[in-house]
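Scroll down for the structure; my scribbles are underneath it.
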Amino acid sequence: MTQLQIFLDIATEAALAAGVVLKDYLGKLEDAVTEKGRPGDLVTAADKASEEVILEVLRRHFPQHSILAEESGKLGNQDNQYLWAIDPLDGTTNYAHQYPAFAVSIGLLINGVPQVGVIYDPFHNELFQAAAGLGATRDRHTIKVSQTSELSKSLLVTGFAYDRRETSDNNYAEFCHLTHLTQGVRRSGSASLDLAHVACGRVDGYWERGLSPWDIVAGIILVQEAGGKVTAYDGSPLKIETGRILATNGYLHDSLSHELLQVPPLSAWK
Ligand code: IPD
Ligand code: CA
Ligand code: CA
Ligand code: CA
């Protein structure tokens with residue numbers, strides 16, 4: 001068994017265990033929901049309990065590895081060759097409202113490059129897995145991106161960052177522009193599921209700003225291994241720390257990138 005396969009298996013064990021925690025807490029949060037500082041930026045007892053389970057599994061198997069986890073922050077030297085990026089509950093707002101779009105996302109960066117990704121949607125019991133050179137799967141069956149090659153025939157998905165009230169750089173204009181050019185733009189509220197859905201062809205492309213590494217590391221390798229393309233908005237190599245991502249089936253990449261670079265101001269829609 002290759003080392004990457006071992007990493008993938010352990011990440012899967014952690015994601016499935018975390019999924020059990022999320023199913024257990026669903027609908028039972030009562031007052032165990034707080035805001036992290038910004039309006040709408042929630043954290044719940046389920047986020048924390050899920051993260052504890054993931055940390056326990058990864059630390060038991062890989063005590064030398066470092067971790068970047070949404071609720072615990074930086075654990076270990078972040079320059080470590082092996083860095084796990086963990087989102088124990090991606091889609092917390094959905095989860096708190098019992099809206100069924102949330103996931104566990106566990107990705108591994110090796111020397112800064114996404115190499116392993118597991119995204120588990122416990123509500124629908126869907127497991128997405130990928131590792132560099134090993135392909136991408138949903139429930140252990142190979143998945144591929146869609147073949148849609150015209151924006152006018154595409155379905156896209158995006159998201160709005162928590163700082164949207166504080167900055168005019170908030171994706172509203174992009175949303176309007178692309179809603180007019182496509183068959184539709186969805187907003188699921190779970191970045192990792194958005195990427196998983198690009199990977200399996202349910203949507204043709206995804207873009208978003210204001211993301212953190214734990215939102216996207218797993219999804220990046222999943223889309224790439226499913227045959228898609230992941231870059232910065234302008235098509236240049238992705239820098240994860242910028243928080244901006246463009247992920248598509250590849251066929252739409254240039255046209256979507258082109259449109260993102262020439263979005264009319266919001267006032268154009270009034
Ligand atoms: C959020 C979700 C959402 C995206 C936000 C993320 P969280 O993660 O992925 O879809 O639009 O930018 O922060 O807080 O639910 O883990
Ligand atoms: Ca997230
Ligand atoms: Ca989260
Ligand atoms: Ca969060």
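Glycine residues also receive a Cβ, built from the backbone N, Cα and C atoms like all the rest.
According to TrEMBL, the Mg(2+) 1 binding site annotation covers GLU70, ASP87, LEU89, ASP215. Around the Cβ of ASP87 (Mg(2+) 1 binding site), the number of neighbouring Cβ atoms within 10 Å comes to 34. Under DSSP, ASP87 (Mg(2+) 1 binding site) is assigned to a strand (E or B) in the three-state scheme.
Taken from TrEMBL, the feature Mg(2+) 2 binding site applies to ASP90. Residues near ASP90 (Mg(2+) 2 binding site) in space but far in sequence (CB under 8 A, at least 6 apart, same chain), listed by position: PHE102, ALA103, VAL104, SER105, SER190, ALA191, SER192, LEU193, TRP214, ASP215.
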For this session: Return the residues near GLU70 (Mg(2+) 1 binding site), defined as same-chain residues 6+ apart in sequence whose C-beta is under 8 angstroms from its C-beta, sorted by sequence, else 'none'.
Result: ASP47, GLU51, ILE86, ASP87, PRO88, SER212, TRP214
Seminar exercise, completed: Quick tally, other C-beta within 10 angstroms, LEU89, ASP215; top of the binding-site residues is LEU89
Exercise. Beyond GLU70, ASP87, LEU89, ASP215, what residues of that chain have CB atoms within 8 A of the centre of the Mg(2+) 1 site's CB atoms?
Worked result: ASP47, ILE86, PRO88, ASP90, THR92, SER105, SER192, SER212, TRP214
